[in-house]
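> Got these off Swiss-Prot a minute ago, pasting:
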type	residues	note
BINDING	H118	chlorophyll a ChlzD1 binding site
BINDING	Y126	pheophytin a binding site
BINDING	H198	chlorophyll a PD1 binding site
BINDING	H215, H272	Fe cation binding site
MOD_RES	T2	N-acetylthreonine
MOD_RES	T2	phosphothreonine
SITE	H190	site 'Stabilizes free radical intermediate'
Amino acid sequence: MTAILERRESTSLWGRFCNWVTSTENRLYIGWFGVLMIPTLLTATSVFIIAFIAAPPVDIDGIREPVSGSLLYGNNIISGAIVPTSAAIGLHFYPIWEASSVDEWLYNGGPYELIVLHFLLGVACYMGREWELSFRLGMRPWIAVAYSAPVAAATAVFLIYPIGQGSFSDGMPLGISGTFNFMIVFQAEHNILMHPFHMLGVAGVFGGSLFSAMHGSLVTSSLIRETTENESANEGYRFGQEEETYNIVAAHGYFGRLIFQYASFNNSRSLHFFLAAWPVVGIWFTALGISTMAFNLNGFNFNQSVVDSQGRVINTWADIINRANLGMEVMHERNAHNFPLDLAAVEAPSTNG
């Protein structure tokens with residue numbers, strides 16, 4: 001009788017860590033991107049919760065008029081927000097150690113910059129983690145590509161726009177009413193509703209919702225019944241089954257007769273590519289539009305573009321929008337400007353004496 005003994009190679013601590021990080025057998029895949037994603041998202045989430053509850057007012061406009069955003073300072077879930085970093089800080093990197101005290105850091109809105117930078121790094125790593133897991137499993141990389149749309153949108157409003165405008169105080173506040181305020185001010189200053197890229201984004205979001213509802217309802221309505229009338233049709237499905245769970249021919253025929261033949265897909269793969277690509281491309285365009293308007297390449301201006309034979313202006317909807325924009329703009333930062341922005345931009349005369 002012969003016994004064969006094999007020496008088990010001892011793996012270093014670093015090697016075991018690498019194997020654990022890249023293992024697809026874990027309940028939740030970590031990945032190398034996850035090593036950075038986990039601490040950054042935990043930091044952003046923790047600081048957001050603490051600041052939303054208890055942060056003191058922030059001097060957002062840099063004029064010594066603090067704005068309250070937390071629950072303990074009089075706000076509720078709807079009105080509360082993480083107030084953006086002060087205009088006095090501008091685009092400066094403003095960690096806690098750059099302030100003379102924690103009170104000063106809070107007064108100047110340091111938590112906003114901390115949350116935003118950690119959040120953007122975290123969601124970018126989440127996108128990389130999606131690609132990494134797809135690669136490990138031998139899948140195609142399109143899940144990460146689709147997720148790049150919301151990552152691009154978040155980067156546009158939280159980073160690119162403040163860079164273009166010269167201050168993190170112009171970034172989107174982290175709250176419900178703060179988001180709406182950002183949208184209103186953005187329209188007033190950049191006329192985003194008249195920007196073609198925003199129009200493509202609206203078509204992408206609403207069109208994607210419509211197509212998703214149509215697809216889900218068609219599939220649900222054309223299930224291949226494996227149960228009796230007294231049982232739920234869902235009981236006839238078994239996870240991992242090889243058979244089709246719905247009849248695409250029936251769905252194609254229904255939709256083709258409802259509209260016209262070529263309005264429906266007869267290829268499931270091209271159908272699902274379309275369902276993914278439509279909203280993703282639309283949101284890409286919106287993020288690109290925000291990034292261009294950040295540097296004041298604004299929406300179309302058709303103000304007073306229609307006149308009669310006597311040269312008198314015939315108002316169009318573009319003029320109505322322009323009037324609304326002016327009203328919103330004069331209400332924005334009303335204590336920060338003594339003059340309209342266009343007049344305030346003129347160089348002041350020098351004084352001698």
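Using N, Cα and C of the backbone, Cβ positions are placed for all residues, glycine too.
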> Return the count of C-beta atoms lying within 10 angstroms of the C-beta of H272 (Fe cation binding site), excluding that atom itself.
12
> Restricting to the same chain and to sequence separations of six or more, state which residues have a Cβ under 8 Å from that of H190 (site 'Stabilizes free radical intermediate').
M293, N296, N298, G299
> Out of H118, Y126, H198, which of these binding-site residues is nearest H215 (Fe cation binding site) by C-alpha distance?
H198
> What's the number of neighbouring CB atoms sitting within 10 A of the CB on H215 (Fe cation binding site)?
17
> Measuring Cα to Cα, how far is H198 (chlorophyll a PD1 binding site) from H118 (chlorophyll a ChlzD1 binding site) in Å?
27
> Hey, what's the Cβ neighbour count for Y126 (pheophytin a binding site) at 10 Å?
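Y126 (pheophytin a binding site): 20 neighbouring Cβ atoms within 10 Å.
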